[in-house]
Amino acid sequence: MELQFLGTGAGQPAKQRNVSSLVLKLLDEINEVWMFDCGEGTQRQILETSIKPRKIQKIFITHLHGDHIFGLPGFLSSRAFQASEEQTDIEIFGPLGIKSFVQNSLAISGTRLPYKIHFHEFTDKDMGKIMETDKFLVYAEKLAHTIFCMGYRVVQKDLEGTLDAEALKKAGVPFGPLFGKIKNGQDIVLDDGRQILAKDYISEPKKGKVITILGDTRKTPASQRLALNADVLVHESTYGKGDDRIARNHGHSTNMQAAQIAKDANVKRLLLNHVSARFLSRDCRQMEKDAASLFENVKIVKDLEEVTI
């Protein structure tokens, strides 16, 4: 499971940072990639990665500001150009209005897609669990931005314990149907009368990962709820230390506010993105250092950077 950041800048493209987009790679888990936001130029950023557009089967939009959605029509169109590969449908989750934006953009440009788009639109009355599969849950809450904006909490369901095949072989259990019974938690009796207890050969269930990905937001209790005990929190850092007032006026957060949320929510790792273009490399190093005074395990991520979860 990995995060890869396609755009980590704020507002408009800059030389070092494109606008907002990131992907959650779940290739080992479910052979899918999930995208979060799709600012302009996202499809160009993908060309610099190993990501296959057809693997992107779910897109989660945080809000409808242009730097988070203007790349969506282009990405959906270029995804259709993979004629030699199997076409897969795509699901788009986001605020009310995302469906009309996408459909109007495609219609006006005369774009016809060889796959279906399934839209899931939400208002502030629809928050809570918004998606569930056999392996994952996704929750959403309203954040505190200048327009309706959502934050997402992706929860991997606990993983089943693994079967210790080598130990079973040593115990004289013949490979075959008996292995399956033990894996399903069923005790068995061998031909020689020995009882094999399933619990002795299956490891404890492994706790699933929790990844919280927030959109643009002021400091708000909703961020802390979404991030509670998360393995990774992706939080915006449009402004730096001492910029609390201007951040609040513009519906954004500072690096210090993000660090405080991470600390209060007991997250394991904080990744800061949505960085203003006015912050150069040396400024970002200082912002990271300042944030680390509140929450040690913090990093300001760069475009195309990958983080293993």
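Residue numbers in this text run from 1 along the chain shown.
Each Cβ is built from the backbone N, Cα and C atoms, and glycine gets one as well.
Under the heading Zn(2+) 1 binding site, Swiss-Prot lists H63, H65, H145, D216. All protein chains included, H63 (Zn(2+) 1 binding site) registers 25 other Cβ atoms within 10 Å of its own Cβ.
Here Swiss-Prot flags D67, H68, D216, H274 as Zn(2+) 2 binding site, drawing on sequence analysis. For D67 (Zn(2+) 2 binding site), other Cβ atoms within 10 Å of its Cβ number 22.
The DSSP secondary structure for D67 (Zn(2+) 2 binding site) is helix. What Swiss-Prot records for D67 is active site, proton acceptor, and it gives sequence analysis as the kind of evidence.
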Quiz item: Looking at the binding-site residues H63, H65, H145, D216, which ones sit with their CA no more than 10 Å from the CA of H274 (Zn(2+) 2 binding site)?
Solution: D216
Quiz item: Where D216 (Zn(2+) 1 binding site) and D67 (Zn(2+) 2 binding site) are concerned, what is their Cα separation in Å, rounded?
Solution: 11
Quiz item: Taking the centroid of the Cβ atoms of H63, H65, H145, D216 (Zn(2+) 1 site), which other same-chain residues have Cβ within 8 Å of it?
Solution: T62, L64, H68, L143, T146, I147, C149, G215, T217, G251
Quiz item: Among the binding-site residues H65, H68, H145, H274, whose Cβ has the fewest other Cβ atoms within 10 Å?
Solution: H65
Self-check item: Rounded distance in angstrom between the Cα atoms of H145 (Zn(2+) 1 binding site) and D67 (Zn(2+) 2 binding site)
Solution: 14
Self-check item: Zn(2+) 2 site, defined by D67, H68, D216, H274: further same-chain residues with Cβ within 8 Å of the Cβ centre
Solution: A10, G11, V19, S20, D37, G39, T62, H63, H65, G215, E236
Practice problem: Let me know how many other Cβ atoms fall within 10 Å of the Cβ of D216 (Zn(2+) 1 binding site). | Solution: 27
